[in-house]
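Peer 1: Shown below is the structure under consideration.
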Ligand code: ADP
């Protein structure tokens, strides 16, 4: 191996500090990458791989590739998006001054969860870094967004931590998560590589050490620590781990992360990733698009801060009726006061992203344009105040009080910075005339070099009495004073001769030298001085970061509440009554998304009445496409909307707070995971039965569909019995099914009621009425699989009993059942031959066993 060059040694030493990063090594105007990094980057970025030492044998050549420093951000963004970490190594001394090798240092490590660059961030969406610490005493989970300065922290008991962690991670959707050794649970890791994709940083126990963590947390956060309960040490460790990672990667001022928001998971309605997806909260199930989601309907926010907050309210509906009613009351005022609402919308439109601006200002990457944008935003605040009520409703009045602008600060920015500053802060032209005398003078010198010279010339003439005195300039001597021969005797003491020509002599003076220096260096000096003045203003702004963050928070709230009001007014929503009762009463409810998507087709409203006594479970039957799942989803969505503080699409609604919503919807949407549809279905049902409480709302759509009729129906019935039995679960359940046999439960189980969505047959056509009315209208080795998936043994046992019962009596229900099942699975496959066989089969006379065999045969044929 050849001797290493000094630079390569320096490179390797620096690379050694962050072996898991791609190292961008600054060499002049380029960032270069070497060795494996070069190969990776070349492949990912489509760069050409080169080498420095072509004269060596191929195996000794160092592969390298590079990107120009001025366009590096775009390349870094692409690497980050692919889940890499990039360490930026800069030259930390001026190469001109360096003796020998230039000093170099890593100034920052860019990772997916620690972005602050505007171009790499999505506007209406937080960019969270998560830190998960799992200890014996419990689990701590911390989320921080350095682009907005928000930090959230929570804690849960050791029991069932994986589920809680998965739910919280799904809510915050972090771009990167730091895991403690105890957190490397297989189920969790699967989620992180599949459904909640983000970069995973595997960290050692030392990153979370309690004593250091506590110190870091206490030093960093000025507020919020008192909220953390004493037993939640794991939470402190998670927060400490997050900070340690930030310090290691950012190496800059993070003082704007000052408020720690501790929350207990019990404060919010819990939603697992399945329910979140099924209910299409932020994106649609199939297209993964915002359009068609609940967020799309509700988000009429005008500011980026409001956009992010609305998303987080949607992800975290509340449980406390008092807090919910406070929001509702504010929305109510904004609905009733249309003029004020319109005005607020107009003002909000003009407010920039104060939250991210102040973060960049403190972080040190903000330019003069950012300061101007911040001031412009702050200047709008009084206009917001003008349109908010001074007294009740109390929430709006409180927000109004928080919107006091910062006139001194905006005054400073207005005085100091020009209206339209250039992009760069290192090229001058950004300080306003009149702000600082030296800037004005230097500018005068630059714009008026001739005038300055003429002035000096006149002054020298006057002083010496030499009428022919002239000030001139040439490249060799610079500025000089020229005196013609006849006046040599009048040349004063201070003149230093530089050049003698035939008819004249040229001199310089101290003053002229200084003037020359002033002129020639004015450009450099003004640039430096403007930069310094700018930094000074920026520091003064940064010092007010806490106030600005509070203002930004208030603007975001006003924006979200206004957005709720705009939507409520446009779509004719009503204010729900929310309390701790067991009621779920909706009069003329609609599906918030379907009614908007299908504007031209009239949406048929439907009522809902549920409680935890006589109306606990609704069995909903009706043909395919009748509107069963639309109806069930609309009930769930209205509960969510009400608990986030929004009005709901109904004529009236009374909603007792729900602690969790569970869904089991759709049969074919999770094939990507590689599990069989039935297995997925049963896993979801198992989850739901394990975690639901009597205050939960369950939406079950066609349970047992993925298996044979008997198995499926048996499981469906056992699950329903479990849910509707107050001694077991006793939770409000909406249960859509194809098994008309289940409607017999209405008489047998208290609390179970039959409903169907009416449809009429007209000749050969079916007419959907979309109205839900009382009364009933209609399936493999599934039980074993259900057992595998983790359904409680009691449910499994019960399912077996039912199956045995069914199999012992050979009459009508089975036959209908078997026929239904064939229809369901085979028409979907649509194979001609199978269909013909089927058409010719006398179903009525088949025994269940024959039916199963036939099914098997048909499947073989396919
Ligand atoms: P099912 O679950 O019974 O198969 P869906 O809920 O999927 O039926 O509804 C089928 C279609 O009917 C949906 O595309 C929806 O647009 C429409 N629909 C459902 N409910 C209503 C309603 N109340 N008013 C108008 N259209 C509806």
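The backbone N, Cα and C atoms fix where each Cβ goes, glycine too.
Annotations for this protein, taken from TrEMBL, read as follows:
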BINDING   622, 623, 624, 625, 626, 627, 628, 629  ATP binding site
DOMAIN    696-712  domain 'DNA mismatch repair proteins mutS family'
Peer 1: Per DSSP, what is the helix/strand/coil residue tally across the domain 'DNA mismatch repair proteins mutS family' (696-712)?
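Peer 2: The domain 'DNA mismatch repair proteins mutS family' (696-712) comes out at 4 helix, 5 strand, 8 coil.
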Peer 1: According to DSSP, collapsed to three classes, what secondary structure does residue 623 (ATP binding site) have?
Peer 2: coil
Peer 1: Sort out the sequence-distant neighbours of residue 625 (ATP binding site) for me: same chain, 6+ apart, CB within less than 8 Å of its CB, listed by position.
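Peer 2: Those within reach of residue 625 (ATP binding site), by Cβ under 8 Å and sequence separation of 6 or more, are 768.
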Peer 1: Same chain only, sequence gap of 6 or more: which residues have a CB within under 8 Å of the CB of residue 628 (ATP binding site)?
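Peer 2: For residue 628 (ATP binding site), the qualifying residues are 620, 621, 622, 701, 736, 757.
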Peer 1: Among the binding-site residues 622, 623, 627, whose Cβ has the fewest other Cβ atoms within 10 Å?
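Peer 2: Least crowded of the binding-site residues 622, 623, 627, by Cβ count within 10 Å, is 623.
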Peer 1: If you take the centroid of the Cβ atoms of 622, 623, 624, 625, 626, 627, 628, 629, the listed ATP site, which other residues of that chain have their Cβ within 8 Å of it?
Peer 2: 736, 757, 759, 768
Peer 1: Report the same-chain neighbours of residue 624 (ATP binding site): residues 6+ apart in sequence with Cβ closer than 8 Å to its Cβ, ordered by sequence.
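Peer 2: In sequence order, no residue meets the Cβ cut-off.
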Peer 1: Please list residues from the chain of residue 626 (ATP binding site) whose Cβ is under 8 angstroms from its Cβ, counting only those at least six apart in sequence.
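Peer 2: Residues satisfying the criterion: 756, 757, 758, 759, 768, 770.
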Peer 1: If you count Cβ atoms within 10 Å of the Cβ of residue 629 (ATP binding site), leaving out that atom itself, what do you get?
Peer 2: 20
Peer 1: Just to confirm my parser: what is the rounded mean pLDDT across the domain 'DNA mismatch repair proteins mutS family' (696-712)?
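Peer 2: Summing pLDDT over the domain 'DNA mismatch repair proteins mutS family' (696-712) and dividing by its length gives 84.
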